[in-house]
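Asker: As listed in TrEMBL for this protein:
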REPEAT    62-96  repeat 'PPR'
REPEAT    124-158  repeat 'PPR'
REPEAT    186-220  repeat 'PPR'
REPEAT    248-278  repeat 'PPR'
REPEAT    279-313  repeat 'PPR'
REPEAT    438-472  repeat 'PPR'
Amino acid sequence: MIIPINHVNNTHFPFTKIHSLFRLLSSNTNSLYQCNSKITRCFRNGDIKAALNVFDKMPIKNIVTWNCVISGYVKNGMLVDARQVFDKMPERNVVSWTAMLNGYAKCGRLDESRTLFDAMVNKNVVCWNAMLSGYVTNGRIDEARNLFDKMPEKNMVSWATVIEGCFSQGLVEEAMKLFNACPFEDVLINNAMLAGYAEVGDFESMWRLFDKMRVRDVASWTTVVRCFTKFGKMVMARKLFDDMPTKDVIAWTVMIRGYLENNQIEEARKVFDEMPSRDIVAWNSIMGGYVKNGSVEEAVEIFKKMPKRDVVSWNTILQGYVQENDMVKARMFFDKVPVKDRTTWNIMICGFQSDEALKFYVQMLRNRMKPDQVTFTGLISVCGSLAVHSWGKAMHSCVMKHAYVNDSTVVSSLISMYSKCGYMDDASLIFDTTIKKDTVSLNAMIVAHSHHGSVSNAVKLFSSMTESGCQPDHLTFLGLLTGCAHSGMVNESLKYFKSMEKNWKIRPTAEHYACMIDVLGRRGMLTEAYELVKHLPVELPSYTWETLLSCCRVHENFELGELVAQKLDDTRDLNAGICVLRSNIYAARGMWADAASVRTSLARRGVKKELACSWIELKGRVFRFVCKDRSHVQLEELHKMLESLCAAMEIYG
């Protein structure tokens, strides 16, 4: 405010009003700053409702306020809402445009991002870099290079972004050409090259460049440390970390995460305890490490000691309880979470393999929290596990409404759900109409064919998969081996099993060995199955031994059955099913005293065999059947139908 000089000596000039005006302006500025900060904080914690409540009550809003809301929506994946706010803004600046560009790029909607970019009248280098970063992040390096060449002005960020993009696509020579052509000699460009060499595992070039660098900042050192931790070279990483002239909290956290990624939880804890100061990322990292390691109680102790907690902290402990399948504790902890974001709800939805997941979904919507692909993947998985087709169809409609029909994980969950519900035509239709068929969706279809006994279709799909250059993984072979096991195709099983390491460099896991034991056991090749078990390079879960024990009973190989039973004794994982199997083997051999002894031991320990249960959905209702249950109102008709089916099975062999 400018006061005319001729009014200064005027005794009638209202100085008190000027003072009041200054106080009002100062108060409004402070209030705006506080409100904008609160909106940002609420969005960061996933509390959308609270953020909008602050925004709606603000009497004065500046351009920063509107940008805070746009950025908040973008960070929470709510792009439609962000665009609505963007369109309503009374004025926009470069931050507004860049936030929307980044939002579209983050969601992979680059065509919309480019349309918005082209509509901008005054583009500065920050806007160009945002569009460039969008192309690089989504792997569209050709378009990134084309845009980079058209840029009227390039800064160091532009060069660093396109260099990193070339490395991410394996274009090492192209990245080196750009590096040599770069007019800037700066640590940022060198760090981009270091990160690139680290990305492709070129230790020699990385180390040579690092050694030549005249100026190294903490990011340079941290990048090299991160490279060594990524490839499991923890001794070298630690030596380099100790040699660092200065360390920031990011460097310390990289070292902690390196140890965690290499399953060295105790070493990670030592580094954590050595940290001179810790931010919330470091606390969350070590806590997440304990959860991943299955040490949830230790994670809880860390949680209790934290000076500050964010939504990630709460979600980490919640994930730990779900991971241990302790849904009672998970529910109690969920109720205590002060601010729930989408991840919080998703953890609970994916944790419950029952209709409880659907109840949480309804609560999620009532809390104005929008679902994402993780939400729908979890819900569809529940519908498939329960084989409730009507619920699955309802979820499919929701997926279409929220435009996730081309998401790979959602597509694979839909294929799996329809196949488990017995609707293979619908599963095939979804697969055939999928635009981009990747390993995830192909695996889902291979598993679907295998479970339905269509092993030939699964094999054909595998052949077309490899011919198209799509890389199979562990799940691909698990699907093939399962199908071969159910169809008794021993030779084919052995062929695929041997090809895993030989042709595809995939080391078989316990699940793959379990499939092989199953297929050999089903065909009565029990000695071969037992020999395979004895020479395994991995530890088998007890259910595999239980499968072999069951095969011994079916094929009346009681001697081997006794050996397997003794092996199960060593695992100390004796459930009721195993004990009953063992008792039946003794009874079949006429060893009644031993059979009775096993049953008596079972009763003494208070272990009860879970009742067999099956269910079927009909016209939206789920009918449940329990072994020896005679309470069903249509029991007589059901028994007649069952007898008819058994007779038909005998006729068709």
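Just so you know, glycine gets a Cβ as well, placed from its N, Cα and C.
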Asker: Please list the DSSP helix, strand and coil residue counts for the repeat 'PPR' (438-472).
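Answerer: Going through the repeat 'PPR' (438-472) residue by residue, I get 26 helix, 0 strand, 9 coil.
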Asker: DSSP-wise, what's the residue breakdown of the repeat 'PPR' (124-158) into helix, strand and coil?
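Answerer: Each residue of the repeat 'PPR' (124-158) counted once, the result is 26 helix, 0 strand, 9 coil.
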Asker: Please indicate, using numbers and ranges, the residues of the same chain that are 6 or more beyond the repeat 'PPR' (248-278) and have a C-beta under 8 Å from a C-beta there.
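Answerer: Contacts of the repeat 'PPR' (248-278) (Cβ under 8 Å, skipping residues fewer than 6 from its ends): 218-219, 221-222, 225-226, 228-230, 232, 234, 237-238, 241, 285-286, 288-290, 292-293, 295.
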Asker: When the pLDDT values for the repeat 'PPR' (438-472) are averaged, what is the result?
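Answerer: Within the repeat 'PPR' (438-472), the model's average pLDDT equals 94.
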Asker: Where else in the chain does the repeat 'PPR' (279-313) make close Cβ contacts, counting only residues six or more beyond its ends and a cut-off under 8 Å?
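Answerer: Same-chain contacts beyond the ends: 44-46, 249, 252-253, 256-257, 259-260, 263, 265, 268-269, 272, 319-321, 323-324, 337, 339-341, 343-344.
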Asker: Tally of helix, strand and coil residues over the repeat 'PPR' (279-313) according to DSSP?
Answerer: 26 helix, 0 strand, 9 coil
Asker: List the helix, strand and coil residue totals of the repeat 'PPR' (186-220) as derived from DSSP.
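Answerer: Here the numbers are 27 helix, 0 strand, 8 coil.
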